[in-house]
Every structure is written in structure tokens, then in C-alpha cells.
Amino acid sequence: MSTILFYTRALIIGATKSQGVFGKTGTLVANISSNRGIISIVPRTNPPQKLLKMQEEENSLLEEARKVVPALSFGKHKGQAGRVGVIGGSEEYTGAPYFAAISAMKAGADLAHVFCSKSASTVIKSYSPELIVHPLLDVPNAVTLLDEWLPRIHSHVIGPGLGRVDATLNTVKEILIKLKKQEIPIVIDADGLFLITRDPSIIHGYTKAILTPNVVEFQRLSKSMNLNWESKDLNGSIMETVALSKALGGVTIVRKGEVDIVAAGDEVVTMDEIGSPRRCGGQGDLLSGVMALFSYWTHNSTCTPPPTLLAGYAACFLTKRCANQAFQKHGRSTATTDLISEINSVFVNNFENPTDPKS
């Protein structure tokens, strides 16, 4: 069994005091390199038994996330802060790709492209003139036409509103293969996860990919890999998430729930920010859009944690803060559009680096 790394600013699985050296705040500091918030837990035969509630520290993951956010500058040109693509959108589902794309823009992406079916394009265009919409997914030569656009985009979300039409799924499979060859970061959600469940080999070993399953999607993915998914406690859920990530060759898993679990191979962090008890549709689309943007930023930086792990953590944090703020204002009437309205406030208060030059 290999060593598993756990990160601060979250619930951390720790050994008992007899198995590690603890600092004055109760933080396990054994095997820490330069005390940068990376905790190495010595593996045990039994699952970890003790959860330690960590305090936010100077070198937390949130601090690491701030470092990758590009400073606003008069000297930059359009596109440098991020060009995000959303591959999804069908006749039945037009809101999901819109939520993902507009959320990426509200978090700081300069441009957002939506690649959807022809029947969805006019509707999505009507939601916002800020999105660039390509009605290409269901045309006969879709992959050839998309070849012009895919390399121009820094990161992609695959799945929001995609639908399960076989012809479209086959097109998306070809797109995925091309994105892997081009080494472009991708986030896969919703019907994109359905595609991966049918054929996990599509994504196996691609460590620039993040999968974002909810509880049901996690069960299906685990079944497809012949893994356990029935744990009822956080310890077991963490180990299951790590196991799925490793079974997929190190692909990052963001297991959504009351406590979000982000696992990148043997490295994992949990995020227990309080979100909203209002479970309106579209919150996962906001999450995936913001995560794709963070994934571009983290891969374009020299951050200490794995880029996909940091991107997953930052996006989960931002989404839950947005949900909480929106619920405080709107209560039972909270909708995803209310969460999107909170993105700027949450971003400014938690991710803007006050020392960055704004010139």
C-alpha cells in the first residue's frame, strides 16, 4: 500500500498520536517537507480512524489557489486569462451548458465557447450574447469542423446537457481522444460521465482530466471498474474515491456531496464548506465551468499541489460559498442564477491577491 497525501484547509484523515508527530495546533507534521501543508500519512493495515479538523493556515490550499489566479492588468490582451470550451447542449437541455460557460466567464475567463447541437444553439445564444456558440455536435463532419477550434481553447468541460444520443456520444469520444493528444485540461460531468462509464478506457491515465460525479454517478463509475462504493462514513468514502482515481490511472475524481472529496491518485483533500440546503438544478454546471477555468490556471502555473487537485478544491470552495451566500438571500427560492450572481463577491473576498499589480 502506498503513502497517501492529505492537504490542509479541510477535514484531514490523520493517524493517532502514537503514529505521528503533532504540532501545537494539533496538525500532524510528520514527514512534511518545508511545512507547505502537504501531510504524508504512514499507511496502516486498517483504514484511518481519526479525523482532524484543520484550521486555515498561511500555506493552505486556498493560499495556493490565490497564487494561480492571473492578475487583472491593462497590459494583457483578450484571451490570456482563459478561453474555456463547453461541449454539450441538446434539444432537451440548453440551460446546463449555459450555466457552465457563463460561470467560467464570471470567474474571470475572457472567452467561453459552447459546442452544442444545432437545435440547442439558438436557445443558448438567446441566453447571453457573451457566449460564442457553435452548432456543430450533431453534424456529419463534426470532428473535422471542431479541429479548427479545439487547440485554441485552454480547457474544456464535457457533458453538461449533452444527452445520450449514440451518434453524439461517438463524436464526443473522438473529441476526447483529440484533447488527450493535445494535452488540454478537461472536466467531465453529467452525460460525459455516462460516456466514461460505458468505456473507462477513453480517459484512463489522462492526469489532466477531472471527473465530477455525484453520489449516483460515483456508484456507476465504481461499478464499471468493479470497485466498492457502499461506504456510509467519510473515512470509507475517501478511500473509495482514492481507489477509483487510482483504478482510472490517476484521473482526478471530485466526489460531490455534503463533504466534497477530491482525489488525484494517492493525493486527496476533503472540503467541508457549508453550501446550501436548496438542491436546485444547475449547481454542478456552475462547478464544472469554474473548475475548467481553475484547471487552466493551475496547469499554467508552478503550484505545489497537483494542478487538478488544486483546481478541484478551489472550484468546490467557490461553488459552496456561492451557494451559501445565495441561500442567505433567497432561501427556498434560490436558483442557480442566484449562485452565479455571487461569483464575483466570493471571488473578490477569497481569491483575489491584494499584492498583485493591477496595471
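Each residue, glycine too, has its Cβ placed from N, Cα and C.
According to Swiss-Prot, the protein has these features:
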- Gly161, Asn214, Val215, Val216, Glu217, Phe218, Gln219, Arg220, Asp285: (6S)-NADPHX binding site (BINDING)
- 256-260, 275-284: ATP binding site (BINDING)
- 61-350: domain 'YjeF C-terminal' (DOMAIN)
Measuring Cα to Cα, tell me the gap between Lys256 (ATP binding site) and Val215 ((6S)-NADPHX binding site) in whole angstrom.
-> 7
Can you tell me how far the Cα of Val215 ((6S)-NADPHX binding site) sits from the Cα of Gly282 (ATP binding site), in Å?
-> 16
Near the Cβ of Val215 ((6S)-NADPHX binding site), how many other Cβ atoms are there if near means within 10 Å?
-> 11
Inside 10 Å of the Cβ of Cys280 (ATP binding site), count up the other Cβ atoms and send me the figure.
-> 18
Give me the largest Cα to Cα distance among Gly161, Asn214, Val215, Val216, Glu217, Phe218, Gln219, Arg220, Asp285, the residues the record lists as binding (6S)-NADPHX, in Å as a whole number.
-> 20
Which has the fewest other Cβ atoms within 10 Å: Gly161, Gly282, Gly284, the binding-site residues listed?
-> Gly282
Would you mind pulling the DSSP three-state label for Val215 ((6S)-NADPHX binding site)?
-> helix
Residue from Glu258, Asp260, Cys280, Gly282 whose C-alpha is spatially nearest that of Gly161 ((6S)-NADPHX binding site), among the binding-site residues | Gly282
Whole-number Å distance between the CA of Gly284 (ATP binding site) and the CA of Glu217 ((6S)-NADPHX binding site)?
-> 12
Cα distance, Glu217 ((6S)-NADPHX binding site) to Cys280 (ATP binding site), nearest Å?
-> 17
Binding-site residues listed as Glu217, Glu258, Asp260, Asp285, least Cβ neighbours within 10 Å = Glu258
Out of Lys256, Arg278, which has the highest number of nearby Cβ atoms, where nearby means within 10 Å of its Cβ, if these are the binding-site residues?
-> Lys256
What kind of secondary structure is Gly161 ((6S)-NADPHX binding site) part of, going by DSSP in three states?
-> coil
